[in-house]
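Written below as C-alpha cells is the structure these notes are about.
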Amino acid sequence: MSFLSAASPLHRAPSGSSAVMMWVILAAIPGLMAQTLFFGWGNLINVLWCTTLALGFEAVILKLRRRPVLFHLRDCSAVVTGLLLGLALPPLLPWWASVTAVGVAIILAKHLYGGLGYNPFNPAMVGYALVLISFPVAMTVNWAAPETLLDRTLSFFDTAAIIFNGASAAPDGWSMATPLDVYKNEIDSELATAVIQAPVFGSGIALGWEWVNVSFLAGGCLLLYRRIITWHIPAGVLGGLALLSLALGWDVDQNVPLTLHLFGGGTMLGVFFIATDPVSAATSNRGKLVFGLGIGVLVYLIRTWGVYPDAFAFAVLLMNFAAPFIDYYTKPRSYGHSARQRTLTDQGHQARPLRAGLDQSNDAPQRDAAGSDLVPGSAMTEADHVSRL
C-alpha cells in the first residue's frame, strides 16, 4: 500500500548567528562598492582597519574572560561591528579616532554587558557617538569630496597616508562637507534654488550620495528577502522620517527636503543595517514598528533642530534605551489569558507592598495578586513566591 507523503516546508532564514552575520556582510558589499566608486578608497581602508581592530579587541577580551577565542570569533559579530563603523565613519578619519570608536564598541558597549546577545545598546553606534562627541572637528572635516569634483583622484596608498599620518584633518581640496551639512547651514541665509547650486549636490539629489543610499537599499532588500530582518523597523523609520518631513518640512526654503533626508546622508545604511540590530531593538512586530517610528521621528528632529546633520547614532541609542519599555507594552497576549500579563498583580488593582507581605501573619493561607493560594496554611510569603518565579 502506498501512502502520500510530503516534505515539510523549507525555512529560508539562516538559523545560526554566523550565517546571519555573513548575510549582513554580503548585503553591505554593494554600499561599500558605491562608497569606493564615488568617494575613493577611504571607506574601504576604514572597513579593513576597523574590522582588524574589532577582531583584535574581541580576541583580547575573550582571552581575559577565559572564553574560547576561536569559537566566539567564528560568529562574525566583531566583523560586523567593524564593518558598520568603517562604513559610517568619515572616509579620511585619522586612525586613532577609529581605534577609539572600535575599542569603545567592543569593550564597553559589548563585553562590559556580557558579550553577544546581552548588549542593550548598538555597539557600533556607541563607538560612533563617542568619537562624534569627543572629536567633533575630526568627525566633521574628514568627509571625502566626490571624486568627480577632484582634479586628481587619490590612490589607495595616498588615501592610506592621509588616514595614518596622525593629522586631525585631511589636506585642503580632498575633503568636503556632506550635503545635509551644507543644506542645513546655508538654507538660513539663501533660498533653496541657490543652495542646491553647490557642487556637492551635482545635477541630482546629492552627488554620489544618492547611489550609495540606493546600494544600501538594495542590500537591505536582500536582507528582507532572506528573512534576516523583517519589514517592521525599516518601514517605521522611513515612515516616521517621511511623515514629519512632509508635515513640517514642506517648505524647502526653510527645511531640508524629503529626498535629501532619504538619499543625502547615511539614511539607508542606518535603516537596514543599524536600526535592525536584533539584540538592542524591540522584539515583537508591533514593538518593532513603534521602535522604528521613534527612530525616524528622532532623526528628523535632531537633523532639523540639533547640531548634528546626520542623527542616526543618537536616534538609535535613544530608542535602544526605550526598547524594554516598548516591549513591556507591546508584547503579545499569553496563551490562555484574556489580557496581557504585564506584572504579578491584576491590572486595575494596586500592587501590595512587598514589606506588607513580609510583616503579615502566616496563619492565613497566602494568596498571590490574582487571588490564588500560594501554599495554603504555610509560611510562604509573596516575596518567596516571586523569588521562586
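Note: Cβ is positioned from N, Cα and C throughout, glycine not excepted.
Feature annotation from TrEMBL assigns transmembrane segment to 20-38 (among others).
Annotation source TrEMBL lists transmembrane segment at 69-89 (among others).
For 125-145 (among others), the entry in TrEMBL reads transmembrane segment.
Per TrEMBL, the feature FMN phosphoryl threonine maps to T178. Around the Cβ of T178 (FMN phosphoryl threonine), 19 further Cβ atoms fall within 10 Å across all displayed protein chains.
Marked as transmembrane segment by TrEMBL: 231-250 (among others).
Annotation source TrEMBL lists transmembrane segment at 256-275 (among others).
The transmembrane segment feature in TrEMBL is assigned to 287-305 (among others).
For 311-330 (among others), the entry in TrEMBL reads transmembrane segment. Sequence-distant contacts of the transmembrane segment (311-330), counting only residues of its own chain at least 6 positions beyond either end whose CB sits under 8 Å from a CB of the stretch, comprise 88, 120-122, 125-126, 128-129, 132, 265-267, 269-270, 274-275, 280-284, 286-287, 290-291, 294-296, 298-299, 301-303, 342.
The region 'Disordered' annotation in TrEMBL covers 339-389.
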Where else in the chain does the transmembrane segment (287-305) make close Cβ contacts, counting only residues six or more beyond its ends and a cut-off under 8 Å?
180, 184, 230, 232-245, 248-249, 255-256, 261, 267, 270, 275, 281, 311-312, 314-316, 318-319, 322-323, 326-327, 330-331
For the transmembrane segment (69-89), which recorded stretch in the set 20-38, 231-250, 256-275 gives the largest number of Cβ pairs separated by under 8 Å?
20-38
So which residues does the transmembrane segment (20-38) touch in its own chain, when a touch means Cβ under 8 Å and the partner is 6 or more beyond its ends?
14, 44, 47, 75-77, 79-80, 83-84, 87, 91, 146-148, 207-209, 211-212, 214-216, 218-220, 222-223, 226, 228, 268-269, 272-273
